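A.B. asks: Summarising the annotation, TrEMBL assigns region 'Disordered' to B:1-106, B:354-396. The compositional bias 'Low complexity' annotation in TrEMBL covers B:48-62, B:367-384. Annotation comment: TrEMBL describes B:76-106 as compositional bias 'Polar residues'. TrEMBL lists B:119-248, B:251-361 with the feature domain 'Cyclic nucleotide-binding'. TrEMBL lists B:Glu197, B:Arg206 with the feature 3',5'-cyclic AMP 1 binding site. What TrEMBL lists as 3',5'-cyclic AMP 2 binding site is B:Glu319, B:Arg328. Here TrEMBL flags B:355-366 as compositional bias 'Basic and acidic residues'.
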Amino acid sequence: MGASASPASMSPSRKLFGENIAETVAQSFGKQFSHDEHRGDERKDPEHDANQAQDMRKAQEQQSIASQHSKEETSSPDEIAEAPAKKKLGQSSKLLRIEDFNLLKTLGTGTFARVWLAKLSKPRSEEEKEGIFALKVLRKVDVIKLKQVEHVRNERNTLRAVAGHPFITTLKRTFSDRECLYMVLDYCPGGELFTYLRRARRFNEPTSRFYAAEIVLILEFLHETEGVAYRDLKPENILLDADGHIKLVDFGFAKKLGNTETYTLCGTPEYLAPEVIKNTGHGKAVDWWAFGILLYEFLIGQPPFWDPNPMKIYSKIVGGHIPFPTVPIDFVRQQQRDRTPSANTGLETQRPSKQTESSQKSSHLTPDQPPRRSEKTRNSQGQEMSLFPAPAARSLILAVCTSNPSQRLGNLAGGVQQVKDHEFFKDVDWDALYKKTMKGPIIPSYSGGIDASCFDEYAPPTSEELQERFTDEMDQGYGEAFAEF
Amino acid sequence: MSNFPGGHTNPFGGPSSSGMQRVKEDEEMDTLVSPQGASFQPGGFGRASGSSPFGGSFNPQPVGDADLPANYTLGRRTSVSAESMNPAASASDNWSPPSHSKTQDQISRISAAVAANFLFSHLDDEQKYLVLDALFEKPIPAKGIKVISQGDAGDNFYVVEKGNFDVYIHPSGSIQAGSDGLGKKVASIGPGGSFGELALMYNAPRAATIISTEAGSLLWALDRLTFRRILMDAAFQRRRMYESFLEEVTLLSSLTAYERSKIADALETQKFAAGDVIIKEGDIGEAFFLLESGTAAVTKAENGDKVLLQYSKGDYFGELALLDDKPRAASVHALTDVKVASLGKDGFRRLLGPVEERMREQDPSKRQAGAQTGARAAAHAPHASLGGDGVDPLQS
């Protein structure tokens, strides 16, 4: 376990960036200086002035990202939706450099990106010293080679637009140098929900409901306020913060769609919606399909469609039959109860008036009751068996996992509200949830600071990862595309 | 899960080169054994692998449903993505699918070879024709040629026209150096067989090596961009066609463009053979129809066989069913083979909610009362001018 920043775990990062940094910095300062020199009327040493001004602005920048960390507040959807240009969060910084950060530990890797736990290398105050970040480093050459330029731009722009949402990773700043693009994100110390789910095998119903409900709030915001489809919902992309609330990360496939459709296939095999596989055009409704798969995986421990051969997964998805397991009936009842040790899912709030109101609203369903007689069978030992999960959960899964997106809950008249009104969520206090008045059902064991023990260990960057360089030719072709960073 | 280098990868995902990831203890039959979804020991997380906090202390109770795969791999799943495709950007590039001429025999053989493949089975006739036409010949002149190599990037899908091919899989996930670098022979594929279809979805590494076993073999090949472009163009054009048809529907003119595009999304294609009845006089109207191709005729029992009106491409009928539960006032039957796009009343309401009031203001049967709208209604809705009284024969 490399929870702390040992010199050993830091050295790869130095190797990774050491050489290019000096070069890049020199280049960019060089430009700046020659520009200033041409002003002519400067009496003092222009280099010295520029240097000082630069230093001051950079100090402000550092202070700014560190202070946002310490007093991060939840913004309302409307506040977040204000013009991104007005917000500090998510802006591009022309001053920050990779050398301003110490890269402590890899939190995750991909084919063209690596996320580091990072701190400021030259803190100028206690606040800056405390500031902890997740620094996502994308290698331009790989982004281009893997044809992900458009996706990276979408990610940057979406994260900037949504910065401030309580359940979405906060993009503080971006910057770039010749080789890489950098995204300074908030550090979410609880690690991936994926890890907790696999350890527990499956979540009970209250726990599943808590995470599902927070995701509903995310999708409501992304779809209805921002017009964005997320397109890669899965437990791997959901992190837990110190209080057990979720943060959605990795917006590589997020795209502002409004009410139009798009055609590029993307997502994760088990979570792809049928219309994505069939290439008939897809919209925000793909997120509701994936939401159903996710809830299924929370409750049952694995997604409904799987095969070692991906083509067979797709064939099953297009086939449209969602298999539910049969289990002993006691198990169904047990899973519906809240047995969470922290005894606090934040959801089953004591608001009787609200409960009555919402249970009247959707009386067509029968949750929290033993399954209907027709669903019960006996196994060979005479044990009473029933379909799993319980009816309300199954009904929600089936309502969002419809092959035809025009019949999919969340994508119908009423939009997200219909999902929120579903029986499965009948006791959820949505306002309290958004304001995070309660802690989550799983509290990560986080000792504070740079503790990253909730994340898996990753190998340091290989020399192969660093071989290919961003060429002048690429800069001509794609320099413009990365200008926003 | 295998790792797809052509795909976008989750930066929080697994190590990029680890291939199949498994949590060893979880390979056994899945059992529902952990009632506490959330009882975790502090410090129990963060290791790459480890024993379950519940290890062995519960009585396993097997899942009874055989539909659930028991061997689910519990590792992190890698994201995938295909090349970015944008119909708006491609509208101007004058692309048309490649066409490689084939004999009728060849077409039916290819058609049979892909019939069971779900990527092809949901295509309509037109799309299928374009796709089959786009397959190109790939002669394999000699024995021992690797058509695809395990681990390589995937580009084409292949159908075997002539010859036999052996399939090898190496457990490492890619071809290795040395005499047995291909791994084990797991199958062979002869004429009418096909392989490499995952390449039609996105660029994933090839899962096997395929080698020719005789000289003079022949394959048909189809590349991903062509395949997906054909599908995208067809879907895009169909949507825009529906949207333009819907703009002409007087009854829907009070809806927003977004509402109409939702209807366009929801329309389902139905086919009728010449002579088939599409709407029957006296039935309660449940759906409305746009005529996509072919011609249809309106008749009323009181007029016998007399064709009162003909519908052709772009015409619509039966839309008053969206407002009322009245019986159909006339019948419509197909004169030729007919393709219609239809939407039922229930689907309509689910999709748009209570829009009837807005629509009622545009109800052509009501508007006929005001005489000056007659000509306009007739121009936009041919059925509305029937018999000079301007009333929809289907819904009078």
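Using the three backbone atoms N, Cα and C, a Cβ is placed for every residue, glycine included.
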A.B. asks: If I take the alpha carbons of B:Arg328 (3',5'-cyclic AMP 2 binding site) and B:Glu197 (3',5'-cyclic AMP 1 binding site), what is the distance between them in whole Å?
C.D. replies: 47
A.B. asks: How many Å separate the Cα atoms of B:Arg206 (3',5'-cyclic AMP 1 binding site) and B:Glu319 (3',5'-cyclic AMP 2 binding site)?
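C.D. replies: About 50 Å separates the two Cα atoms.
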A.B. asks: Helix, strand or coil for B:Glu319 (3',5'-cyclic AMP 2 binding site)? Use DSSP.
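C.D. replies: SS state of B:Glu319 (3',5'-cyclic AMP 2 binding site) = helix.
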A.B. asks: Can you give the mean pLDDT for the domain 'Cyclic nucleotide-binding' (B:251-361), rounded to a whole number?
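C.D. replies: Average per-residue pLDDT within the domain 'Cyclic nucleotide-binding' (B:251-361): 90.
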A.B. asks: Count the residues of the domain 'Cyclic nucleotide-binding' (B:251-361) that DSSP assigns to helix (H, G, I), to strand (E, B) and to coil, and report the three numbers in that order.
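C.D. replies: Summed over the domain 'Cyclic nucleotide-binding' (B:251-361), the classes give 32 helix, 37 strand, 42 coil.
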A.B. asks: At the level of the C-alpha atoms, what whole-angstrom distance separates B:Glu197 (3',5'-cyclic AMP 1 binding site) and B:Glu319 (3',5'-cyclic AMP 2 binding site)?
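C.D. replies: B:Glu197 (3',5'-cyclic AMP 1 binding site) to B:Glu319 (3',5'-cyclic AMP 2 binding site), Cα-Cα distance: 42 Å.
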A.B. asks: For a three-state summary based on DSSP, what are the helix, strand and coil counts in the domain 'Cyclic nucleotide-binding' (B:119-248)?
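C.D. replies: So the counts come to 41 helix, 41 strand, 48 coil.
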A.B. asks: Can you tell which of B:Glu197, B:Glu319 has the most other C-beta atoms within 10 Å, given these are the binding-site residues?
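C.D. replies: In terms of Cβ crowding, the pick is B:Glu319.
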A.B. asks: So if the criterion is CB under 8 Å to a CB of chain A, which of the binding-site residues B:Arg206, B:Glu319, B:Arg328 qualify?
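C.D. replies: The binding-site residues close to chain A: there are none.
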A.B. asks: Using DSSP, tally how many residues of the compositional bias 'Polar residues' (B:76-106) sit in helix, strand and coil.
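C.D. replies: Here the numbers are 7 helix, 2 strand, 22 coil.
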